[in-house]
Amino acid sequence: MLLGTTSAQVVRPGSCPNVDVPIPPLGLCRTTCQTDANCQEGRKCCKNGCGFMTCETARF
């Protein structure tokens with residue numbers, strides 16, 4: 001068991017796309033990230049409209 005370990009919280013600039021309107025790329029119904037740190041540069045960990053989190057291109 002590892003004690004005292006933490007995951008660094010990374011918050012990338014920009015915002016997530018709006019999921020109120022169905023958008024096909026957001027329809028991936030599985031979790032692919034937990035925080036922005038799990039995503040490539042320029043992408044954020046966002047709600048995908050299915051109740052899960054996926055990496056999406058940040059909106060500015």
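Cβ coordinates are placed from backbone N, Cα and C, and glycine is handled just like the others.
According to Swiss-Prot, the feature disulfide bond maps to Cys16-Cys46, Cys29-Cys50, Cys33-Cys45, Cys39-Cys55, an assignment based on sequence analysis. The domain 'WAP' annotation in Swiss-Prot covers 9-59 and rests on sequence analysis. Feature annotation from Swiss-Prot assigns signal peptide to 1-8.
Here is what falls inside 10 Å of the CA of Cys55 (disulfide bond) among the disulfide-bonded residues Cys29, Cys45, Cys46: Cys45, Cys46. Least packed by the Cβ count within 10 Å, out of the disulfide-bonded residues Cys45, Cys46, Cys50, Cys55, is Cys50.
The average pLDDT computed over the domain 'WAP' (9-59) stands at 85. Using a 10 Å Cα-Cα cut-off around Cys33 (disulfide bond), the disulfide-bonded residues Cys16, Cys39, Cys46 reduce to Cys39, Cys46.
Taking Cβ-Cβ distances under 8 Å and a sequence separation of 6 or more, the neighbours of Cys29 (disulfide bond) in its chain are Asn48, Cys50, Gly51, Phe52. Note: the CA-CA distance between Cys16 (disulfide bond) and Cys45 (disulfide bond) rounds to 8 Å. Under 8 Å, Cβ to Cβ, and six or more positions away along its own chain, Cys39 (disulfide bond) finds Arg12, Cys33, Cys45, Cys55.
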